[in-house]
Amino acid sequence: MQIVILNNSDDVASYGANIFIQQLRRKPSSVLGLATGSTPLALYRLLIGANQVGDVSFAQATSFNLDEYLGLDGQHKQSYRYFMDQQLFDHIDIDKQRTFVPPGDASDPIEACERYERQIAQAGGIDIQLLGIGRNGHIGFNEPSSGLMSRTRVKTLTKATIEDNARFFSADEYQPHLSITMGIGTILDAKKVLLLATGANKAAAIKATVEGALSASCPASALQLHRNAMLVLDEAAASQLDDCDFYKHIEAENQKLQARLAKG
Ligand SMILES: N[C@@H]1[C@@H](O)[C@H](O)[C@@H](COP(=O)(O)O)O[C@@H]1O
């Protein structure tokens with residue numbers, strides 16, 4: 001895992017946005033894996049800005065979102081489809097027909113999960129997968145105990161995740177307890193994985209992800225198996241890491257090497 005520790009959440013968003021912009025410039029037809037939650041919001045705003053001034057185009061890109069609440073259709077204001085339309089898709093030049101979010105209103109969710117996997121494969125696989133992380137180490141809606149080789153499927157949310165996400169729902173609003181999520185195996189198949197974490201409330205999950213054992217108890221620890229996984233953290237999210245200075249040293253050396261290679 002490559003661990004990048006930056007001063008604050010703004011720096012995390014611009015670092016992440018730049019990786020997406022470089023990816024799209026290198027391969028305009030990239031298949032992007034996208035995430036919801038509050039963490040990627042600032043990154044999405046930067047991508048919208050870059051798209052609107054012509055620095056990057058999504059016209060040939062395809063996207064697949066990690067997850068969706070089961071029981072909400074895409075018009076529902078708390079659905080992840082609605083979130084993605086509002087926060088990104090409606091403001092960039094992506095072809096909406098090529099933006100995929102698991103269908104929360106599927107009449108046959110099991111078949112819908114299998115279809116989602118086929119759609120990802122038909123698109124050629126995910127080039128770069130963006131991830132946030134839950135306080136309990138979940139990625140997508142792969143809660144603790146999720147199989148490390150799992151594929152897209154229906155998952156039950158933990159009490160902690162339901163409570164964390166309750167802030168998006170009004171008191172009298174139905175909050176689903178089930179989801180459709182890409183599996184950990186699906187995520188690990190992405191060519192590159194970019195996990196963003198900001199704030200002290202993610203520090204324990206980041207500690208377990210980076211320095212804990214590979215374990216279904218912390219689903220994000222599965223990224224230890226990935227060949228090209230990058231974690232971009234602010235100081236607060238990195239605050240429980242024992243080897244912070246070492247990770248900063250490696251990153252400084254990486255930057256020097258990149259600069260030398262760029263000079264030729
Ligand atoms: N399914 C999403 C995850 O994909 C996200 O990473 C997590 C953290 O969200 P936040 O970034 O708001 O902390 O929330 C939800 O549970």
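Indices start at 1 and increase along the chain as displayed.
Backbone N, Cα and C define each Cβ position, glycine as well.
Model, not experiment: these values are computed from the prediction.
Taking all protein chains in view, 23 other C-beta atoms sit within 10 angstroms of the C-beta of Asp67 (active site, proton acceptor). Feature annotation from TrEMBL assigns active site, proton acceptor to Asp67 (among others).
Feature annotation from TrEMBL assigns active site, for ring-opening step to Asn136 (among others). The number of other CB atoms found within 10 A of the CB of Asn136 (active site, for ring-opening step), across every protein chain shown, is 19.
Residues near His138 (active site, proton acceptor) in space but far in sequence (CB under 8 A, at least 6 apart, same chain), listed by position: Pro144, Ser146, Thr158, Thr161, Pro219, Ala220. Reduced to three states, the DSSP call for His138 (active site, proton acceptor) is coil. The annotation active site, proton acceptor is assigned in TrEMBL to His138 (among others).
Annotation source TrEMBL lists active site, for ring-opening step at Glu143 (among others). In three-state terms derived from DSSP, Glu143 (active site, for ring-opening step) belongs to neither a helical nor a strand segment and is classed as coil.
Residues or ranges marked as domain 'Glucosamine/galactosamine-6-phosphate isomerase' in TrEMBL: 11-227.
Taking the Cβ of Ser146 (site 'Part of the allosteric site') as centre and 10 Å as the limit, one finds 23 other Cβ atoms among all the protein chains shown. Annotation comment: TrEMBL describes Ser146 (among others) as site 'Part of the allosteric site'.
There are 22 other Cβ atoms within 10 Å of the Cβ belonging to Arg153 (site 'Part of the allosteric site'). What TrEMBL lists as site 'Part of the allosteric site' is Arg153 (among others).
Cβ neighbours of Lys155 (site 'Part of the allosteric site') (same chain, under 8 Å, six or more residues apart in sequence): Phe141, Asn142, Glu143, Ser146, Leu178, Ser179, Ile180, Thr181. DSSP assigns Lys155 (site 'Part of the allosteric site') to a strand in the three-state reduction. Per TrEMBL, site 'Part of the allosteric site' is recorded for Lys155 (among others).
The annotation site 'Part of the allosteric site' is assigned in TrEMBL to Thr156 (among others).
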Tell me the Cβ contacts of Thr156 (site 'Part of the allosteric site') under 8 Å, same chain only and six or more apart in sequence, or just say none. Glu143, His177, Leu178
With the Cβ atom as the reference point and anything under 6 Å counting, tell me which of the recorded positions (Asp67, Glu143, Arg153, Lys155, Thr156) are near ligand 1. Asp67
On the three-state reduction of DSSP, what should I expect for Asp67 (active site, proton acceptor)? strand
Expressed in Å to no decimal places, the gap between the Cα atoms of Asn136 (active site, for ring-opening step) and Arg153 (site 'Part of the allosteric site') is 19
Packing count at Glu143 (active site, for ring-opening step) (other Cβ atoms within 10 Å of its Cβ): 21
